[in-house]
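Below is one structure; the comments refer to it alone.
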Ligand SMILES: [K+]
Ligand SMILES: [K+]
């Protein structure tokens, strides 16, 4: 840990002195120090998680005479830091106001923290390959100095806080005026759920999540909008803000993310609305405008929101299966979403499409995808599938629940979505610890894995003869 | 159809005249005729299936006063031609000896037929790219004439018939001497199950599949060995026979197939033995040598055998899930197996491994994998997943069965494995037709899709600027 920090500090030194000494801090490394950024991300998250767990273990963190077990505190801290949203205890009932504020702080730290770290890593990767990315004004010049990073952090903080304040304000006013909560309580609830929404945390202070607002578009639509925005990821948000009227200037990353996210969003809304339309336990009893509102809201959730207004455990198996696939893909990179990411999904789709049309190169939006990006998308997807499959087999062996419920909970944890068919609190302790590991791996894994891969990419030195095995 | 045959005949003409006119029949095509080989495969299988269905509809094809519905005849014909092994009626009870012989003929036609067509397509693909493949003596010279194809067909017929005769002989002798079946019946049963085994057809004449032989290694081990051999695929079998003592001379394809198949075989055997060890409905009540024998036998089945000696429907959910994954991968190319194929799996693994180690190129056994092969493996895998997912959603909506049973049956059909948890006969007619489509797509799809892709591969004419989206 101390070694990691020292290496990182020396990197900053090289970074600050780069104009003077002319060394490129992100050029090909002389030592193995280039592995450090990924290690720093893991270490930072582990540290915040440990502090959060310790705070949640304090007697003042929970209400009344109950006690909090280590697994409960750890699970809640990881769920908050990783903005997952799965819960082993009732968030509003179990935790005191102090505990809830700790959770809120963990959400904000985890949400903004990962955005920042992922964006910095993204800049490093992009810079290393000499490709332009419009994260900052100097981006085109291939220089990256501490000013860039400071400005990046500031921009992320401003964007995320602005979104959170707007949604919190709407929720507060609605809770205060329409639901007649006292102003202080309305403000507290408004801020908590506003922050939870933009950060896709999925933790609600109400025992029924947001079910009590199932017919209220003034609550549900701002929450859904905040979830979608947060899930797009910071690079996309910033680029959209800068070039809102010039979509042509958007980078390939933004175009791929927006296209894939739109498709997944529509697919989710249509699937849930159609498949649950006459399910008496979910949309069946509703008026049709409410069916549509609920369909939209629950179609947004796999982006990786995690709130619910109907009982997910009562949904049809077909809905659960579609939701599992949507959760596995998740949202945009360097945002509050999990999963393999919409860009990865888009890259795979583009590759398949190019193959079907027999194109020798993989093109998207007037750009050629590098073989490296394709191999990384494939690797990330298959490693993620391996993790999900292994966890599923373990839970199938050790718990009595059927495949659809286990797969749902595993993918929800790995995709840091937080939707649940209700089995998480009933799982044995070691299975809950497995979900903790899945949330952690799902939040940190893809970012650090992919950036570590990209940073390690080397130019080829020699070539072996090419061979073509029979595929299919 | 007539047009297809005409185009194919003209291709043969060009082929026969190639030395005279100097035209390369497999060179870059002038017209769209290069799409024809794939169409021929589809047309040939459709034709054989139609004839088989018509024959099975005849009154003399079934026993006693029962009748055969169109769906029953179609399902059985497709299951036999595609060497899948799923059944909607009891094979031994429902069909007369005439019907059974039709089924046997369909199995042999489908098994050898696809081996031949896939091998010819494979030669075409390999030749088109100027890569050496040791299918025939002249292979290295880059010439492919009708003599090659004739010799190829002859070799396939000799190899497959030799394997079938050996296994049939062992089974016949065992049934005759040990089980005291009359010689004629023992011969009939021996030949039927010997042919079914090598062709991985999975259809048995006994109502309980091979459960009555659950403790008899003299029956089970030859059947398992025939299934493994058939699943490796003809190119691998031939190369192993020619260079049995010089594994270094094996092609990359053979090395990848053998490595991946061995891994999947061991994984299947270990998983089933361990997971079912104390399941009272399967291995639980057995002596431990019988547990091992059954574990080996059922570990071989996902290669794509399809027989069973214990009730698959009674297996633990974890076993079903592992089996689903193994069945999805399947066996070797140009053989009797289905699935995305062991080579495809191996290519994906090698890509992931190269990424993890940060290698700029993807190497395997001293050869470099082309970007085209990687993109084709990715495309085939994701298209297969899409087909399986769509069929699963459809069956989840239209049938009352849980996810694990539906996914199992869908992957068993798509991977032409033939294992069943028992729901196939209970499915409604349109769901059975869906399984028919899955078996057909699973058997024909990967071969024609991949070869069509490979044949269409073009050299790039211009380059767009390269861009790197954020992965993960
Ligand atoms: K979430
Ligand atoms: K089979």
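Cβ atoms are placed via backbone N, Cα and C, with glycine included.
Features as listed in TrEMBL:
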type	residues	note
TRANSMEM	B:40-58	transmembrane segment
TRANSMEM	B:70-89	transmembrane segment
TRANSMEM	B:101-126	transmembrane segment
TRANSMEM	B:152-175	transmembrane segment
TRANSMEM	B:187-206	transmembrane segment
TRANSMEM	B:218-238	transmembrane segment
TRANSMEM	B:258-278	transmembrane segment
TRANSMEM	B:324-356	transmembrane segment
TRANSMEM	B:377-397	transmembrane segment
TRANSMEM	B:433-455	transmembrane segment
For the transmembrane segment (B:70-89), which partner among B:152-175, B:187-206, B:218-238, B:324-356 gives the most CB pairs under 8 Å?
B:187-206
When only pairs 6 or more apart in sequence are counted, do the transmembrane segment (B:152-175) and the transmembrane segment (B:324-356) reach 3 or more Cβ pairs under 8 Å?
no
What residues elsewhere in the chain lie close to the transmembrane segment (B:40-58), defined as a C-beta under 8 angstroms and at least 6 residues from its ends?
1, 4-5, 8, 68, 70, 72-74, 76-78, 80-82, 95, 98-99, 102-103, 106, 109-110, 113-114, 117, 121, 440, 443-444, 447-448
With the transmembrane segment (B:218-238) as the reference, which stretch in B:187-206, B:324-356, B:377-397 has the largest tally of C-beta pairs below 8 Å?
B:324-356
